[in-house]
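To start, the structure itself, in structure tokens.
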Amino acid sequence: MDLRHLLLTLVLVCANDSLSASDDVLRLPQISKCRSPELETFSCYWTDGNFYNLSAPGTIQLLYMKRNDEDWKECPDYITAGENSCYFNTSYTSIWIPYCVKLVNKDEVFDEKCFSVDEIVLPDPPVHLNWTLLNTSQTGIHGDIQVRWDPPPTADVQKGWITLEYELQYKEVNETKWKELEPRLSTMVPLYSLKIGRDYEIRVRSRQRTSEKFGEFSEILYVSFSQAGIEFVHCAEEIEFPWFLVVIFGACGLAVTVILILLSKQSRLKMLIFPPVPVPKIKGIDPDLLKKGKLDEVNSILASHDNYKTQLYNDDLWVEFIELDIEDPDEKNRVSDTDRLLSEDHLKSHSCLGAKDDDSGRASCCEPDIPETDFSASDTCDAISDIDQFKKVTEKEEDLLCLGRKDNDESLPSLANTDTQQPRMSTRPENSQPWPPFADSIDAASPSAHNQLSNQNSLRNTDFYAQVSDITPAGSVVLSPGQKSKVARARCEFCTEQNFTLDNAYFCEADVKKCIAVISHEEDEPRVQAQICNEDTYFTTESLTTTGISLGASTAETPSPEVPVPDYTSIHIVHSPQGLVLNATALPVPDKEFNMSCGYVSTDQLNKIMP
């Protein structure tokens, strides 16, 4: 027991010491607030602190100064506003000029504050609060009232010097929390759905419209419906339903239901949320081959099935065609019908078929950019190329035939009696060198062409396999020989290719007649009897023209024994995998006509006359 008393004594001593220590803390005098109730006057209040020697009246002074003043001034009224206050009436109040105030004791300053009057406006509380009953509900449980009050008597609200907003707060008598309504300018505020069996407390406060600080609350107004003679009727509606318990039990039941559904449909939900990964399966291929990495066997299976081939591989058309090698070394030394068809002149003339097709047998045409339905441009190209080809081939055959005849014949008969055919004669100067006869040049050129004649004799009897007779099921083209074309006219090679060294610009008439006579057709036209050409005689264009016309007339009278048949040697377009469209070569063009002119024949005119 003694120990307990000792401990209790120590606790009391410690408590007294703490209280005395807190009392010993010095609190300096401080300005508590400054307020203007009506924006015309204002007052400032302060506290003395715990300085006992400063509690006497007049010990602490309040000094003030406006912005434009230079000296501090003492408070004009310490009595009107109460103890420890200073009142500034309208004569000392300037609304738009800032003030500075401070608490001093002789030379010691305790507190200082600066402000303007419009910032410290705190209106007085409203007065004369009252309420009236508006109506009650049909059940008699709730009622509506309207609360009224008057503005503060100090605020000049009626003249508009200051505008006030009012805030109403109410609560039940037994509650601690006040319910607030939105601030409004009106002095009448309705309250709805108040319970008739309860008593309420109402209070109101105001503030300046441009300020955020409210003034003091008014006196509390008590509202009791029993005072108005309204009896409270207990009703079943007043009994509160335990909504909170209903919400709790409902949430628990819903959670249990969801859990049961998840447990019963676990496998199906798992399939929906996490679908199974499909096993790699290829029709006709064992998945174990892919797992073991046997790619060679998989590739062999894929290659053996057409279903795994690409669409382009299945739909691609392949056309077999005839490949012609124009540079075969075995064929260079011998002349054949293939060389004739595929000679350099022939290929050059066919600009459409001049390049070799190296597309590995894929379906193609010599004119890939030209549509199949438009044959105008391609036909023109083929026709022109065929005409040039036929002319060149015909000229070469005629030259060979001419050389053959020259070699077989012993000699050309000399042209005699040229004096009787030429009306005009002229003699050469005696000092000029005699011209070698034209026939001598022909005889000199004959041995050089004899070797070609032996090789070309077989060419004239060679058939050209240029006609398509059949197309095999495999797509190959069967060619058959065409009809032999007889050359209707021959041309001497030495007349066009041999160059003469001319001493002057005229020619012997006998030499020219020899050349013209050879040009005529050898099969139907008889040989022209040659005359001996005098070295000192010349001919004119009239005699040459007469001879050319007579020879041309005799040639025209004798028809050609065989009409040349065109050979289809140019592939125009691939019509289908088993069809070809060929172009025909053009027929030979007529011979050149002699120009009718008078006078002697110059070298240029002779070149024009000689084909």
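A Cβ is built for glycine as well, from the same backbone N, Cα and C atoms used for every other residue.
Quantities reported herein were computed from a predicted structural model and do not represent experimental measurements.
Positions annotated as compositional bias 'Polar residues' by Swiss-Prot: 414-433.
Among the features that Swiss-Prot reports, disulfide bond is placed at Cys34-Cys44 (among others), with the record citing similarity to another entry. Taking a C-beta cut-off of under 8 Å and a sequence gap of six or more, Cys44 (disulfide bond) has these contacts in its own chain: Ile31, Lys33, Cys34, Leu62, Cys75, Ser85, Cys86, Phe88, Val101.
DSSP assigns Cys75 (disulfide bond) to coil in the three-state reduction, placing it in neither a helix nor a strand. For Cys75 (disulfide bond), the number of other Cβ atoms no farther than 10 Å from its own Cβ, over all displayed protein chains, is 18. According to Swiss-Prot, the disulfide bond annotation covers Cys75-Cys86 (among others).
In this structure, Cys100 (disulfide bond) is part of a beta strand by DSSP. For Cys100 (disulfide bond), the same-chain residues lying six or more positions away in sequence with a CB closer than 8 A to its CB are Tyr64, Met65, Lys66, Arg67, Glu112, Lys113, Cys114. Positions annotated as disulfide bond by Swiss-Prot, on the basis of similarity to another entry: Cys100-Cys114 (among others).
According to Swiss-Prot, the domain 'Fibronectin type-III' annotation covers 125-228.
The region 'Disordered' annotation in Swiss-Prot covers 411-455.
Annotation source Swiss-Prot lists motif 'WSXWS motif' at 214-218. Among residues of the same chain six or more beyond the motif 'WSXWS motif' (214-218), those with a C-beta under 8 A of the stretch's C-beta atoms are 37, 122-127, 129, 149, 152, 167, 169, 203-207.
For 316-325, the entry in Swiss-Prot reads motif 'UbE motif', with the evidence type similarity to another entry.
Annotation comment: Swiss-Prot describes 1-20 as signal peptide, evidence class sequence analysis.
Here Swiss-Prot flags 241-264 as transmembrane segment, drawing on sequence analysis.
The Cβ neighbour count for Cys114 (disulfide bond), using a 10 Å radius and every protein chain shown, is 11. Here the disulfide-bonded residues are Cys34, Cys86, and the one with the most other Cβ atoms within 10 Å of its Cβ is Cys86. Break the domain 'Fibronectin type-III' (125-228) down by DSSP state and the numbers are 0 helix, 54 strand, 50 coil.
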